[in-house]
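> Dumping the structure here so I can ask a few things about it.
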Amino acid sequence: RYRGLTLVLTFLCYTSYHLSRKPISIVKSQLHPNCSALSPNPGNDSNSSTWCSWAPFDGDNYKELFGALDNAFLVAYAVGMFISGIFGERLPLRYYLSGGMVLSGVFTTLFGLSYFWDIHVLWYFIIVQVCNGLVQTTGWPSVVACVGNWFGKGKRGLIMGIWNSHTSVGNILGSLIAGVWVSSAWGLSFIVPGIIIAAMGIICFFFLVEYPEDVGCSPPLHHDAGGVTSNEKDPEAVTPNEGPLSITGQSSTDRSNSPTGPAEEPEAISFLGALRIPGVVEFSLCLLFAKLVSYTFLYWLPLYIVNVAHFSAKEAGDLSTLFDVGGILGGIFAGLISDYTGGRATTCCVMLVVAAPMLFLYNRIGQNSIGTSIAMLIVCGALVNGPYALITTAVSADLGTHESLKGNAKALSTVTAIIDGTGSIGAALGPLLAGLISPTGWNNVFYMLIAADVLACLLLARVVVKEVRGWCGCIARKRGYVR
């Protein structure tokens, strides 16, 4: 029951994080709409082509300003993430997570209030985005560490693949909620998500349980100190008893009897120590390029649909949610396949290889008809977000509980922050590059995304070779055994 509660709470928490990030991509098309398609200009002294735009985004450089706005959030997020994991290992996760959610709600609301306060200065939007980016770094290391504390390795890919759908669910809900007010009072497109994430932060404060030991339950098996991993078939196989530990509980020999934390409070791993864990560097760099692609779609897809398919802002926002629907399917599929094969890197690499031609086809034929657009968005969403979801969840948890750590659970948050922080550099670069490249044509934006997918695949080559050699060794041993 506590495992279920942890999954549900962390799912809802990170859903609200993404729900609060999505409105900016929906509102962009309203900040600089096609004024000539609207009613006649009510003011004769205004520029007829931009009279309905929201200053300072009413100039010809509006795409660059949108890119700067995205970059302010994402650079702050990337920088803050490397620090956030260190704090996450040393502070109570419940306080850290709930405090960050409440603050994120405040800054998201402040962005929306600019509509009602009639604010038109760029520095206000930039400062709010920077502050929001910093406080949102409290989310990912905290929720992954909480889930990792409760679940062992066995079917972690499938469980976390399903759980990671919170990213896409948050994007979908954020798009739908923002779309309700985008054409009437776009400030509410930010205020309502801000209230939601702050409310979830309060709920998290009262109900989140960080460690199984906090409520007298036994911890899961990751890679125990003795290196025994044969019992890690089931991620929920913590002990034969699901309830609280008895006085003679079997797992108490490996963990502390203290109800407030992990065994003997081991020291949190250092930043350099986390980098030395095998696979951390490779997956971090791969995520940099994979997240570049994902976040470019997150921030620019609705505007691309408006410009290319000529839909309204609300219709483009609704249609863009199909990319996130594909992301849900891709995350689950990637987790299931990687659990079955044991090849996390190979699963990511194959999906990235297939994603490149699919992105090319979406740009070429994706707007030919509504049916084609729906199908291509779902397929591209699955192939782009599948590897991203797998690396940020199951791979991060695997590496954060790597056998080289000898059972030290004080590495989950730091490893997760390093991987996601490196990926967030790509998340910052993607929308920025899209803003700079899009004036030259959307084709060039897609070429940039395809190149990023190929680079992400190449960076995993060493780990993929290692996995393939492991499979070949297993096959050879089995054949030798049969003979």
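Cβ from N, Cα, C; glycine included.
Taken from TrEMBL, the feature compositional bias 'Basic and acidic residues' applies to 226-236. Residues or ranges marked as compositional bias 'Polar residues' by TrEMBL: 247-260. The domain 'Major facilitator superfamily (MFS) profile' feature in TrEMBL is assigned to 9-469. Annotation comment: TrEMBL describes 226-265 as region 'Disordered'. As annotated by TrEMBL, signal peptide applies to 1-20. Annotated transmembrane segment per TrEMBL: 65-88, 95-117, 123-151, 163-182, 188-209, 280-301, 345-362, 374-399, 445-465, in sequence order.
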> Taking a Cβ cut-off under 8 Å, which residues six or more beyond the ends of the transmembrane segment (280-301) line up next to it in the same chain?
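Distant Cβ neighbours of the transmembrane segment (280-301) are 21-22, 24-25, 28, 70, 74, 171, 274, 320, 323, 327, 345, 348, 352, 355, 359, 380-381, 384-385, 387-388, 391-392, 395-396, 399, 415, 418-420, 422-431, 433-434, 438, 445, 449, 452-453, 455-457, 459-460, 462-463.
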> Is the transmembrane segment (188-209) packed against any residues at least 6 beyond its ends, judged by a Cβ distance under 8 Å, and which are they?
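Apart from its flanks, the transmembrane segment (188-209) reaches 2, 5-6, 9-10, 12-13, 16-17, 19-20, 22-24, 26-27, 93-95, 97-102, 104-113, 115, 146, 174, 177-182, 215.
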> With Cβ-Cβ distances below 8 Å as the criterion, list the same-chain residues six or more beyond the ends of the transmembrane segment (163-182) that contact it, or say none.
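The answer is 7, 10-12, 14-23, 25-27, 29-30, 147, 188-190, 192-193, 298, 302, 313-314, 317-318, 320-321, 324-325, 327-328, 331-332, 335, 381, 385, 389, 392-393.
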> If we skip the immediate neighbours and take only residues 6+ beyond the ends of the transmembrane segment (95-117), which ones have a Cβ under 8 Å from one of its Cβ atoms?
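Beyond its ends, the transmembrane segment (95-117) has Cβ neighbours at 13, 16-17, 20, 23-24, 87-88, 124-125, 128-129, 131-132, 135-139, 142-143, 146, 185-191, 193-202, 204-205, 208.
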> Under 8 Å between C-beta atoms and at least six residues away from its ends: which parts of the chain pack against the transmembrane segment (345-362)?
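Result: 279, 282-283, 286, 290, 293, 330, 334, 337-338, 376-377, 379-380, 383-384, 386-387, 390-391, 446, 449-450, 453-454, 456-457, 460-461, 463-464, 466-468.
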> Residues of the same chain, at least six outside the transmembrane segment (123-151), with any C-beta under 8 angstroms of its C-beta?
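Tertiary neighbours of the transmembrane segment (123-151) are 2-3, 6-7, 10, 13-14, 17, 20-21, 68-70, 72-77, 79-81, 83-85, 88-89, 93, 96-97, 99-101, 103-104, 107-108, 110-111, 114, 159-160, 163, 208, 210-212, 219-220, 222, 235-236, 262, 392-393, 396-397, 400-401, 409, 412-414, 416-417, 420-421.
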> Calculate the per-residue pLDDT averaged over the domain 'Major facilitator superfamily (MFS) profile' (9-469) and state the result as an integer.
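Mean pLDDT for the domain 'Major facilitator superfamily (MFS) profile' (9-469): 80.
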